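Colleague: Grabbed the feature section from Swiss-Prot, which reads as follows:
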BINDING   115, 119, 305  Fe cation binding site
BINDING   138, 139, 140, 141, 142, 171, 184, 277  substrate binding site
């Protein structure tokens, strides 16, 4: 079975081709991605209308490129998958519209996919895919969650952010320091030259006893420190960046280790854009190695939003019998779509 996946939830247009054979793990045949970062930099953030228009310009050329790279024709596609939500409404509608139009033109079914499930299952595209069950740290610009994952569609929420996500903490703190958009990668790069112990910043909910997160207070503390530094901010910017990153990473690390201890599982999956952060990876790898825990990540270029994860999630759902592709082309999107709606709380846990 050949699946085309289309991602257009925010500021990346992604298209990919995944192939399945029976119950074997789906294989990525080709993918293409266009980032809108350069376009949005002038505005200091994503402009939804511009994002939608750019998706319209990019999605069909990317589809043609993906098919050419794989040496396949559109007629060979069996299912067209697309990001149904969550995300920017206009951006989602572009991908959904193109997917449904392609499906109707080819006489092939379509399947809407949850964006976060795409991230969650993206490590299965790596050379070292995980095995169920595992603890998942889903950490991105808009979401921070810890889950127990016993199989496709068998998710138990262990904890989540009660305010800002970790990615927001990176991006908003970077903006307070005057760093360019997107702030997270710039802050991480600057932090390499700084002292992570230079400023004492809060680690919200670090000792709360549960697995929830909170990063709004950290953002406020960074703002307070930046104002306090005043004209000295530029000279101390690397130290402030390093201290901010250290606070975020410590919380993610300690909560992840607590989740592993609580579940007794020995596998951790880290997915989402923040999963590309080098400091987070290094500290998780070191701490988990001491505990005999295997850590799995997506390939670095697949940490960001991409079509491969959408095609993969669709393929794995179809293989698991949890979804049926539809030839009903009257689509709808879900800009707000809680991951909890996919969680089968009644499913019995799988032994580690």
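Every residue gets a Cβ built from N, Cα and C, even glycine.
Explain the structural surroundings of these features, please.
Modeller: Every protein chain considered, the tally of other Cβ atoms within 10 Å of the Cβ of residue 305 (Fe cation binding site) stands at 27. When secondary structure is read from DSSP and collapsed to three states, residue 305 (Fe cation binding site) falls in the coil class.
The number of other CB atoms found within 10 A of the CB of residue 138 (substrate binding site), across every protein chain shown, is 24.
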